[in-house]
Amino acid sequence: MKLLILTLFLATIVLAQALTVPLNFHQASRESRRRVPQKWSNRLSALNAGTTIPISDFEDAQYYGAITIGTPGQAFKVVFDTGSSNLWIPSKKCPITVVACDLHNKYNSGASSTYVANGTDFTIQYGSGAMSGFVSQDSVTVGSLTVKDQLFAEATAEPGIAFDFAKFDGILGLAFQSISVNSIPPVFYNMLSQGLVSSTLFSFWLSRTPGANGGELSFGSIDNTKYTGDITYVPLTNETYWEFVMDDFAIDGQSAGFCGTTCHAICDSGTSLIAGPMADITALNEKLGAVILNGEGVFSDCSVINTLPNVTITVAGREFVLTPKEYVLEVTEFGKTECLSGFMGIELNMGNFWILGDVFISAYYTVFDFGNKQVGFATAIQG
């Protein structure tokens with residue numbers, strides 16, 4: 001079984017100090033989806049404990065695109081992730097015994113005329129172990145935008161097979177500096193401080209139309225042709241992840257009672273699903289008629305999509321409706337097609353905490369407004 005994911009390839013259009021990067025569809029294994037609970041449990045528990053180390057993984061969804069580092073540029077594919085804040089890539093100094101380094105592009109500081117040594121130790125703790133290395137400084141180019149003097153990590157150890165066979169080389173985080181390892185300014189911060197983009201925001205449009213352009217990531221701009229109606233903004237509750245209040249969750253127009261007084265949610269481009277408390281998601285999937293296998297909802301027959309109810313997520317007083325075609329993932333592996341629920345249960349011990357991933361972002365054009373500390377949603381135009 002494979003999951004639909006979205007892969008970001010380098011292709012850029014620069015308009016008035018803005019950068020737009022088209023996206024394409026790809027697939028990832030079903031097994032990777034099952035690691036979502038462990039990933040987020042580690043990530044948010046660390047935050048709750050007062051640490052500033054972001055913990056994330058990307059097996060379940062991958063937005064990756066080409067960047068270059070150094071002069072002349074050395075090419076890498078990186079995940080663009082709103083759930084972390086650091087940039088890291090494999091180092092040429094990584095031992096050949098580290099498979100993840102051996103199978104991916106590696107940064108060679110000796111080949112760059114703009115490299116500046118730093119050497120500070122760098123570690124991120126993942127569910128499968130620690131990614132460790134050291135900090136370096138160099139120019140980073142995304143499309144036609146070159147960020148000078150960017151601090152990033154050269155990885156010399158990467159944990160688990162998820163990194164060994166990933167389609168990406170490294171990760172480019174798009175969350176806040178407050179959760180950045182070693183308090184390193186994220187790439188988007190430096191885009192702003194160096195005047196490379198004129199607006200303090202970036203936005204995602206994702207398409208789930210088979211065979212169509214997978215979407216786009218825009219730095220410094222909002223593409224008015226990719227959504228309809230108004231953008232509804234919700235203020236952030238923390239300047240860590242892109243976190244905000246989620247008012248309610250309804251099934252077929254009736255509140256499910258999941259939120260009580262309120263829920264908190266994170267909008268994360270590094271997660272393909274909508275994730276929530278295990279008990280709530282189990283009840284939801286059972287109500288939808290999905291069979292729970294290995295913690296995920298599986299429908300016995302894809303024809304049931306036509307009989308399932310809409311679900312509604314309320315944010316900032318606005319109801320954001322998801323139809324069955326939007327929250328059910330129809331996936332094929334080895335010639336067999338199955339339909340999976342787009343809702344995954346997680347145990348965080350943090351109350352009513354939800355993660356709105358690609359299932360939600362593909363239905364609603366999403367604006368990450370750093371300057372005004374808010375996230376905006378509008379009905380995405382598909383097709």
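Every residue, even glycine, has its Cβ placed from backbone N, Cα and C.
Copied from Swiss-Prot, the annotated features are:
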type: ACT_SITE; residues: Asp81; note: active site
type: ACT_SITE; residues: Asp268; note: active site
type: DISULFID; residues: Cys94-Cys101; note: disulfide bond
type: DISULFID; residues: Cys259-Cys263; note: disulfide bond
type: DISULFID; residues: Cys302-Cys339; note: disulfide bond
type: DOMAIN; residues: 63-378; note: domain 'Peptidase A1'
type: CARBOHYD; residues: Asn118; note: N-linked glycosylation site
type: CARBOHYD; residues: Asn238; note: N-linked glycosylation site
type: CARBOHYD; residues: Asn310; note: N-linked glycosylation site
type: SIGNAL; residues: 1-18; note: signal peptide
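Annotated features, which come from Swiss-Prot, shown on the structure.
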residue : record                      : DSSP class
Asp81   : active site                 : strand
Cys94   : disulfide bond              : coil
Cys101  : disulfide bond              : helix
Asn118  : N-linked glycosylation site : strand
Asn238  : N-linked glycosylation site : strand
Cys259  : disulfide bond              : coil
Asp268  : active site                 : coil
Asn310  : N-linked glycosylation site : coil
Cys339  : disulfide bond              : strand
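The recorded positions recorded for this entry are Cys101, Asn118, Asn238, and the Cα of Asn238 lies nearest to that of Asp268 (active site). When Cβ atoms from all protein chains are considered, those within 10 Å of Cys101 (disulfide bond) total 26, not counting its own. Long-range neighbours of Cys339 (disulfide bond) (same chain, six or more residues apart, CB within less than 8 Å of its CB): Val298, Phe299, Asp301, Cys302, Val304, Ile305, Val328, Leu329, Glu330, Val331. Cα-Cα distance from Cys101 (disulfide bond) to Asn310 (N-linked glycosylation site): 44 Å (rounded to the nearest whole number). The average pLDDT computed for the domain 'Peptidase A1' (63-378) is 91. Nearest to Asn118 (N-linked glycosylation site) in space, judged by Cα atoms and limited to the recorded positions Asp81, Asn238, Cys259, Cys263, is Asp81.
Most buried of the disulfide-bonded residues Cys94, Cys259, Cys302, judged by other Cβ atoms within 10 Å, is Cys259. In the shown protein chains, 28 other C-beta atoms lie within 10 A of the C-beta of Asp268 (active site). Listed recorded positions: Asp81, Asn118, Asn238, Cys263; maximum Cβ neighbour count within 10 Å falls on Asp81. For Asn310 (N-linked glycosylation site), the same-chain residues 6+ apart in sequence whose C-beta sits under 8 angstroms from its C-beta are Asp252, Gly253, Val321, Leu322, Thr323, Pro324. Taken residue by residue with DSSP, Cys302 (disulfide bond) is part of a helix. Cα of Cys259 (disulfide bond) to Cα of Asn238 (N-linked glycosylation site): a distance of 19 Å.
Asp81 (active site) and Asn238 (N-linked glycosylation site) have their C-alpha atoms 17 Å apart, to the nearest angstrom. Distance between Cα atoms for Asn238 (N-linked glycosylation site) and Cys263 (disulfide bond): 14 Å, as a whole number.
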